[in-house]
Amino acid sequence: MGGNLSSELKSTKYRKREIVDLRKMNIDKLPPTIGALQCKELLLSENDLITIPEEIGKLSKVEIIDFAKNRINYIPPEIGSLATLKQLFLSNNKLFYTPITPNIGALKNLTRLDLSSNQLDDLPVEISNCEALEYLDISDNQLQSFPLEFGKLYNLQVFNCSKNSLKSLPSEISGWVKLEELNVSNNQLAFLPNQICLLGLLSTLNVGFNKLQQLPEELSSMVSLTNLDLKVNPPLQYVPQLSNLRQLKILSIRNLQITHLPLGLGLLSELIELDIRDNPQLKEIPYDIATLINLQKLDLFGNNMRIVPREVGNLINLQTLDLRQNKLTIDNIPSEIGKLVNLKKLLLSNNLLIALPPEIASMKALKEFEASNNQLQAIPTEIGELSGLTKINLSGNKLTSIPASFGNLSELQICDLKSNEIAELPTTLDGLKSCTKIDLSHNMLTELPWEFGDLIGLTILDVGHNPLTIPPNPIVMKGTESIIQWLKKNEKEGRKGKVSGLGIQQDNEK
């Protein structure tokens, strides 16, 4: 498109525009006339560009340039002439082919630089001369380190170096006195420098998916933190006390090797999300969790918990409670769980439950309920009081029947009851008018209720691996629509007891 674009850029239509938007236009080459533009914003992302012409340096008014998602492998030194440039986006290109020009350091007004996803293994030290830089994204590259001189970027507010191969962070980061967000997740870090605790304005610290063996004891001095992500650092056995982090809203200590939760957790009254999943050495929750009254999400998946403390009933704002893959029995789930009246998602799968607590009937806000892969023998009648439920999964249990009250779940959309021992279904299930998917496979059903013929909204009805005679197997093999139509068509005769599965099969074959 180079030739046509050249003439267009010469025209008044583009030349005097403040914003030149050429995104997603399959452009593979920029003409020299690009330098004649008087725009403040030049948007060229999602094209097929390989090079940037040297005339780019003539854009005397440009403040924003977006070259993201091209195939650019070379930045001309003339880019250093763009004295007015404030934001430069070069993510998702191929800049590893040629070293990035050191002239990039001449961009004294640059506040935002994005070099992410370029397979870079080196960066020019001259970036440290971009003294106005507030946002620097060098994530998703192949960096083992970055220049120590980056510590001179005193105005930096956001630094993203995630998805690289960093083995350490330099102590020079203490110069980032204005830093608010630091993301160094998905690297090879074993330790953090103590100087990280000097970043007094830091609100978000993400060091997840590393190889951290130890954390600075002074972590609790970072009182501005609102989001602390330590997840998936398998060697980490100890998290220092966090009692001073009174503004913390999100804490993830997932997949560590801790045997107890950090001291002072109960003092973090602003916490909204607490992720403690996949800590198999952790066997109990401290009772002071009761003070976390603002908590909305509590993830305890994959621990060795045998008891839920009564104090969990104080978490009245909780919306999601994940207790999957623990060792809970019905005797160790307190009745106080019924106080969680704002709970929208309750997950109890992969435990040792033989029954469900009847107190779940109090959870009127519940939308999603899972208790699959337990040893449940019955569903409490009270389940029918959860009229707002949209998804239920009780697969992989020992259920032999479904209570008639199940038909009251008028908002239910997905119902998974596979791999049980259900031999009969209640006729009230025609009340599941909102249901789009029902899985009853791998049970002991011989007949489906005729009322299923009224569930016209069903797109998936799986009744495979049941000894069904009504409907007959040839109908079942044809799928959901055929099953629903067959039940509807034969309902009248079937209710009179004049229809057998074999007889209908023969009628359909004629």
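Using the three backbone atoms N, Cα and C, a Cβ is placed for every residue, glycine included.
The structure displayed is predicted, hence computed values, not measured ones.
Noted in Swiss-Prot for the protein shown:
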type	residues	note
REPEAT	14-34	repeat 'LRR 1'
REPEAT	35-59	repeat 'LRR 2'
REPEAT	60-82	repeat 'LRR 3'
REPEAT	84-106	repeat 'LRR 4'
REPEAT	107-130	repeat 'LRR 5'
REPEAT	132-152	repeat 'LRR 6'
REPEAT	153-176	repeat 'LRR 7'
REPEAT	341-363	repeat 'LRR 15'
REPEAT	387-408	repeat 'LRR 17'
REPEAT	410-432	repeat 'LRR 18'
REPEAT	433-458	repeat 'LRR 19'
REPEAT	460-478	repeat 'LRR 20'
Model confidence over the repeat 'LRR 2' (35-59) (mean pLDDT, whole number): 96
Sequence-remote partners of the repeat 'LRR 6' (132-152) [C-beta within less than 8 Å, at least six residues beyond its ends]: 91, 96, 108-125, 158-168, 170, 172-176, 178, 183
Within-chain partners of the repeat 'LRR 18' (410-432) [C-beta distance under 8 Å, separation at least 6 from its ends]: 372, 387-404, 438-452, 454-455, 462
Helix, strand and coil counts within the repeat 'LRR 20' (460-478) (DSSP): 6 helix, 4 strand, 9 coil
